[in-house]
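Straight from Swiss-Prot, the features:
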BINDING   His104  heme binding site
REGION    337-364  region 'Disordered'
COMPBIAS  347-358  compositional bias 'Acidic residues'
COILED    427-455  coiled coil
DOMAIN    491-617  domain 'Guanylate cyclase'
Amino acid sequence: MYGMLYESVQHYVQEEYGVDIWRKVCHIIDCKHNSFKTHQIYPDKLMPDIAEALSACTGESFDFCMNFFGRCFVRFFSNFGYDKMIRSTGRYFCDFLQSIDNIHLIMRFTYPKMKSPSMQLTNMDDNGAVILYRSSRTGMSKYLIGQMTEVAREFYGLEIKAYVIESQNDISGGTAGPIKLTDGPLTVIVKYRLDFDNREYMAKRVNTEAHPSQLKMPTVKLDVFLDLFPFTFVLNHDMKITHAGEKIVETWIMHNPGANPKSFIGTHVMDLFQCRRPKDTTIDWDTLIQMRAVLFEFELIRTGHNRAAYDAVLNMDFENYDEMDLNEAQTMALAKAQEFSESHPVDDDESAREDEIDPATGERRSSQGLRSILLKGQMFYIKDVDSLIFLCSPLIENLDELHGIGLYLNDLNPHGLSRELVMAGWQHCSKLEIMFEKEEQRSDELEKSLELADSWKRQGDELLYSMIPRPIAERMRLSEEQVCQSFEEVSVIFLEVMNVYDEGLNSIQGAMQTVNTLNKVFSALDEEIISPFVYKVETVGMVYMAVSGAPDVNPLHAEHACDLALRVMKKFKAHDMGDVAIRVGINSGPVVAGVVGQKVPRYCLFGDTVNTASRMESSSDPWKIQLSKYTGDKVRQVGYKVESRGTVQVKGKGDMETYWLLEGPEG
């Protein structure tokens, strides 16, 4: 949602409940925003969260708070001058209800990412009206009631009572629409009854319908209608086109030269057009009947094009065309188009040139392919034929675009200012919006690419930190040459997994089983590593090596190393591992640590301390933790329970006194 909605909430909560209540609300929901920016997007869920927090602070119900927020918005947008727009929609409240969707269309440039709901006036009587609300958001039904109530009171002097008659997919307290696994998000549909004094509007409506000028109007043939609106088409209950104007059929043939011209009549409208406005609208009879007051924009779908065929159709001489049946004219046009298509095939190079961009203007060259045509108009119900007619005109910016579409000035509606606007180079809002939407789509794609790049960077960092400690990696990023460091004292841990290989299996099966077992054991060990107290150095074969005290200096390195060994022993003893066993050796002393290698850099430890720790592990017994004398004396002083093993013959060291680690100071 845009910040203006939250600005209104913040302003009136502070005004009516006080600044302290607002601060308390922000504290409850952990809102970091001290203020909101009008044109910035904020999370939708923030609105119900504020309502729940305000309800907890004031004792009012959640529905009351959402209703209050809706009233706040109407009172607040007058600061931006939007009250003038509301007052201009009509003399009566019902006029406003019929214009809500068109108001949202007007606002789409100021708030281009606005996900506006759709509202249609479905029924009226002396005592009020019924409106149908569609939205991708849930939990906003009470918010809308607050808006309607305040608009009626503020601009029309009416006191209304609004309540929900029917509701589909609306979830109180949330804003994200419900999900259907097969079709994705579901549309929230709510039907409201608004009770108010509507007698004056209904009387005006009855008087208008009963006026003598209406009763004496002569019958008009549909052919005359189609001549006046050459781009219009008529729809039946199945949304199939039953009649169409001459120019829309010719344009469709030019854009689809390989199609059967007779197939235009009788085809579902959504097979020929894409509905651009209103967005996300289901095109069916009931919906269009309810949305007759809403402006529609349909874009003709193109399936193929051949410029020679187009020009052939454009240059056809339709003699006695008024006396011809429309289908016969279509057949003639198709025959001419197909004749030129066969004799002037489009090669690959020409097809590629259709999407060329003029380097001087940045626009696509209209002479190298037809652009799709955009129709803007309104649906009207014709009672005599029980059909809907889409009265429209094409949106064309200038003469270049006119030719790019494949039309001429005399093809446009004979009435209105269509031709004058094209001659003047009028900038249609809908064309600008299409350009904006394309740029917005590119922006979204760029944003997704950046998010993907960030994700790859995080994965790369995680992989790097698995090979090199984070502090060392950060130093290398800063191009510091010093990647080698000496430590006065650390504790080195070696752990070996024993009896992994099953002699009864063949070599391949045994190797696979060994790898699976080692993977489980080492993965469990990784979970026990608590950085920065202990750092995993490497695994070699069946041996796991870790260190405490490097690369982050830790005066309690011996204690943390022993704690790790005890946790590991306890964890694996609790599981039935069969013949598999582990043994651990720990030694403390000085080491030198650094990054070795360039293509596959590794963080390595060097020194006699490492060798002694390895000997402690290799001379240990299964399910035992062997400590060097120095490490044993060090941890015994702080309460660890150790047992003297005596003297052990250590390769390269001779006789060494060692200890068994039994348990920690807490038992």
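Every residue, even glycine, has its Cβ placed from backbone N, Cα and C.
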Self-check item: the domain 'Guanylate cyclase' (491-617): DSSP-derived helix, strand, coil residue counts
Solution: 49 helix, 41 strand, 37 coil
Quiz item: What count of other C-beta atoms do you get within 10 angstroms of the C-beta of His104 (heme binding site), across all chains shown?
Solution: 20
Quiz item: When DSSP states are folded down to helix, strand and coil, where does the residue listed as 'heme binding site' land?
Solution: helix
Self-check item: Averaged pLDDT score, the coiled coil (427-455)
Solution: 77
